[in-house]
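According to TrEMBL, the features are:
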- B:16-38: transmembrane segment (TRANSMEM)
- B:58-85: transmembrane segment (TRANSMEM)
- B:106-132: transmembrane segment (TRANSMEM)
- B:170-191: transmembrane segment (TRANSMEM)
- B:198-217: transmembrane segment (TRANSMEM)
- B:252-271: transmembrane segment (TRANSMEM)
Amino acid sequence: MIRTHGLTKRFGRVAAVSDLDLDVREGDVYGFLGPNGSGKTTTVRMLLGLVLPTSGTAEVLGRPMPASAAEVLPQVGAMVEGPAAYGQLSGRRNLSLYDAAGRGSRSGRAGRVDDALARVGLSGVDRRPVHAYSLGMRQRLGLAQALLTSPRLLVLDEPTNGLDPQGIRDIRALLLDLNAAGTTVLVSSHLLAEIEQTCGRVGVISRGRLVVQDDLDALRGPTGRQLLRTVGATHGERAAGVLGRAVEERDGERLIVRGEDPAAMVAALVGAGVPVVEVTPERRTLEGVVLDATGAGSDDFSTSDHGREGAA
Amino acid sequence: MIRVELSKMVRSRRTWVTILLIDALPSLVAVLLSLTAIGPRPGTGPAFLSAVLTDGTLFPLAALAIVLPLLLPIAVALTAGEAVAGEAQQGTLRYLLVRPVGRLSFLVAKMVAVMAFVVITIVVVAVTAYVLGVLLLGNGEVTAGSAVVPGGTSVSGTTLSTPELVGRTALALAYAILCMAGVAAIALFLSTVADSPLGAALGTMAVLIASTLLFTLDAADVVRDVLPTRYWLAFVDLFRDPVLWRDVVRGVLLQLAYVVVFFGAAWANFATKDVTD
């Protein structure tokens, strides 16, 4: 659905995005993860033809962008860097303006607007102008705008910004719903938890470069260690004695043991009279993967230290 | 897209407030003239003002001469200056472009909407002025009191028949609209360059003020004939007898050149511009 090769964007001397090879497949819920200022928004803008790449190519729905924008964009719904609307007009009127600017027929307009509003939970919205909306309502309206055309591909930049926990759950359910119905979704975010709960595939961007791109399950694969719990620190100590050098860490009754065969460990421990309450294979966390990939010095995922996106 | 922009313009309350304010000035002048009957001496003050005291049907032209040099260009500069920069600042530009709206059709739609605004404004001003002129200042027949040639008086002192007067008035209005198209093109271009709508509007006004200033400066003779405001008031010549075409024709050509050059520049700049707002 989305494929980029060596996509690069420079603003003056600053490279906002360098040599990016993105690969989003049909049916994915793809999480595009990176700290503020890492080039997420610039990438999304390039995919939508808003920003022209300095070099490299981007294909969306199998067609080159921005050259084929006229054919591609009617099948794409997008929310880029927060919603935007005409503040003095009502939400409904805003959607119908956006719809009129696109390709949709005039006769189906009211229906499309109603559907989109209903999908995001704004169907009961009144004639209030948008400038009187709460942040969460604006965010929902922005999503409704993206859904107007019943797109094959949804590109959403920070879609849960400003939403309360319930709103975040609603949006997550909506995205998974749409995905189940065949819509490919690209969600960019700086929030690990959000990506982890929604996405099946993840790309991590750091300082304009894609450092990780894989299925979430593969990224969170087993580490080859077992997390083992016994009862009380005394047993813990004895367990460490039994398992010997395979034990890598111990904290009271909890042990981290290298080895692929938990059954053998349990057998050995129980044979030695050490009760085992719990054994689970250790998995990598997305956070760990991201920190490993982005390396030292860029582990701060909340601050905008590069200021690129701020300028963009 | 043109329909979208027109509907935005017509539905915006600001459009009508602006038109109302523009219309207020010539209306005030009409009222003052009718109360005091003190006109400027012939040859001074805004064109036609001295003539309207005897012939209220000429007041639409006087009104045009009142709003054209300052009020209308300011309104046009504000409206067209907001066209791209305003949408960008509001964030709506990116959502329009991904609908998708072609960048050229976006600019064309904006230009059309601004010109529609100008046409509405000028028509409103002309109609109000005609009504006020006839009501408050009377028409030539009445004040002349004698055997009655329907129609009006030309600036040259001869009498114009009604169809002639109507035709020339229409021409004058069209000319004024074209002059505003030149202003709109400049503002639209600056709107694709500037980050803020206000910057684009002020930039346009600066151009117009500079042009007006240079026009009065003998040392600026070499550039005088290409100044955007150079022939703005040439529509007065349409009411001479016979019509003095020279400045009007030059004015038309000059304004067309401004529209082509600045709209072209706006397109050239906007077509490849990174939309990062």
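Every residue, even glycine, has its Cβ placed from backbone N, Cα and C.
Heads up, TrEMBL stuff is auto-annotated, nobody curated it.
Taking Cβ pairs closer than 8 Å, the transmembrane segment (B:170-191) reaches residues 61, 64, 68, 72-73, 76-77, 79-86, 107, 110-111, 114-115, 118-119, 122-123, 126, 197, 199-201, 203-204, 207-208, 228, 231-232, 234-235, 238-239, 248, 251-252, 254-256, 258-259, 261-263, 265-266, 269 in its own chain, all 6 or more past its ends. Using a Cβ-Cβ cut-off under 8 Å and counting only residues 6 or more beyond its ends in the same chain, the transmembrane segment (B:198-217) has close neighbours at 69, 73-74, 77-78, 80-82, 84-85, 183, 186-187, 190-191, 223-224, 227-230.
Using a Cβ-Cβ cut-off under 8 Å and counting only residues 6 or more beyond its ends in the same chain, the transmembrane segment (B:16-38) has close neighbours at 49, 52-53, 59, 62-63, 66-67, 71-72, 75, 78-79, 120-121, 124-125, 128-129, 132-133, 136-137.
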